[in-house]
Amino acid sequence: MNLHEYQGKQLFKEFGLPVSEGYACDTADEAVEAAKRIGGDIWVVKCQVHAGGRGKAGGVKLVKSLDDVRAFAEQWLGKNLVTFQTDEKGQPVAKILVESCTDIADELYLGAVVDRASRKIVFMASTEGGVEIETVAEETPEKILKAEIDPTVGAQPYQGRELGFKLGLTPDQVKQFTKVFMGLAKMFEQYDLALLEINPLVITDEGNVHCLDAKVGIDSNALYRQPKIREMHDPSQDDAREAEAAKWELNYVALDGNIGCMVNGAGLAMGTMDIVKLSGGEPANFLDVGGGATKERVSEAFKIILSDSSVKAVLVNIFGGIVRCDMIAEGIIGAVEEVGVKVPVIVRLEGNNAELGTQKLNESGLNIIAAESLSDAADKVVAAAGGQ
């Protein structure tokens, strides 16, 4: 689960980190009042969406009058912002963040992720702030400094000082940087974060360290013990199909192809997508119905797949271990009858009650094609989708 910038900065303030005075606004009138409250004659106005690249898309602007604040809010509130990280529809803008303007002398990068290889939280810092860190990692990886956090002792001040000195900061700035580093480390652990970025972390004209941006991602598996964070969820930023799948505890990720996939087990789902690709097709989604799938969940999974208008055929690949193939077959039949499926459905059943499941599908009288093997299923679904 991701947070908006203004929500991330609320958490930053909770941990004593330096952020700009700012207010998230729902209307143009609120935006103007926020600018008046902040004072001055220059403000920064930002569209609040769960996507990067806002500045290049016109979603971040420096304004020098209250009329410009109002105009920006009226331009974007209720509209969709399209960036290089969104699809062609973009993300809806429901709030505008109005902030005081910060003078910038230098830009840095500071972020943290959970490194699965080392099984530790890893902080990354760079002098290349204000640009995509992925670009820096690819072109000049030596400019990225790292500090691994030992989970048995937690983050240590010396690690922050070491990063600060390597970034070329002055002793006073290193002290400020270390405070930011320790606050972020505490926040990362306390709120079960999966990703944390400040890009840029700036040095002001006065020589102070300042958090100019906030990108925060939470481990969704930990939300059950984070009620405060759970309340910050903005469902308008979620893919509608992914949100519906989450209600049924289905693991669904929308993709760009035209072959819908429904599989039990994440590994088998990945393998199914691979063989579809190798056979000349393009998967429209990743969908794992899980080992304990019920008839109702299978039916809902089918409806979610078919809600994507780009889907031209569906491949169902089930290995019956915990889940029974005949129950999956009943779910498929129920969904096909309820939704009124117009696209071919190719089904490969193997394992627990596979023969009974195949029999039920064959006797249904629906447009369902049985496959003898996974490779056969992939060939048939690619052909059914037009080989695209």
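Any Cβ shown, glycine's included, is placed from N, Cα and C.
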Swiss-Prot substrate site partner of GLY321, ILE322, VAL323, selected from ASN251, ASN258, ASN264, ASN367: ASN264
Span of LYS46, GLY53, ARG54, GLY55, GLU99, THR102, GLU107 around ATP - largest C-alpha separation, Å: 20
Which of ILE322, VAL323, all binding-site residues, has a Cβ with the fewest other Cβ atoms inside 10 Å: ILE322
Minimum Cα separation from ASN199 (Mg(2+) binding site), reported as the residue among binding-site residues GLU107, ASN264, GLY321 that achieves it: GLU107
Distance [Cα-Cα, Å, rounded] between ILE322 (substrate binding site) and GLU107 (ATP binding site): 53
